[in-house]
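Residues annotated as disulfide bond in Swiss-Prot, with similarity to another entry given as evidence: C38-C53, C43-C60. Residues annotated as signal peptide in Swiss-Prot: 1-22.
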Amino acid sequence: MKLHSLISVLLLFVTLIPKGKTGVIPGQKQCIALKGVCRDKLCSTLDDTIGICNEGKKCCRRWWILEPYPTPVPKGKSP
């Protein structure tokens, strides 16, 4: 009887616990760290493309920022 009540309590907790939400997409996280903005497909003429957020979105940042934040050199992929 104890096993039956234990299973029912565990089942109740599993149904009540909300599912975890995923975090920020890695490309968006890197774009935010570089002080950029994710934009659809194209950056404006005042922006420089510094990366890709996800499919169809590019990471853009103003190229004339008074206090420039260095863009890291991408690491090469090993064959």
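Each position is counted from 1, following the chain as shown.
A Cβ is built for glycine as well, from the same backbone N, Cα and C atoms used for every other residue.
Classification of C43 (disulfide bond) by DSSP places it in coil, neither helical nor stranded. A simple way to gauge crowding: the CB of C43 (disulfide bond) has 19 other CB atoms within 10 angstroms, across all the protein chains here.
C38 (disulfide bond) is surrounded by 18 other CB atoms, counting those within 10 A of its CB over all protein chains shown.
Non-local neighbourhood of C53 (disulfide bond): I25, G27, Q28, C31, C38, C59, each in the same chain, at least six residues away, with C-beta under 8 Å from its C-beta.
Long-range C-beta contacts of C60 (disulfide bond), restricted to its own chain and to partners at least six residues apart, with a cutoff below 8 Å, comprise G36, V37, C38, R39, C43, S44, D47, D48, T49, I50.
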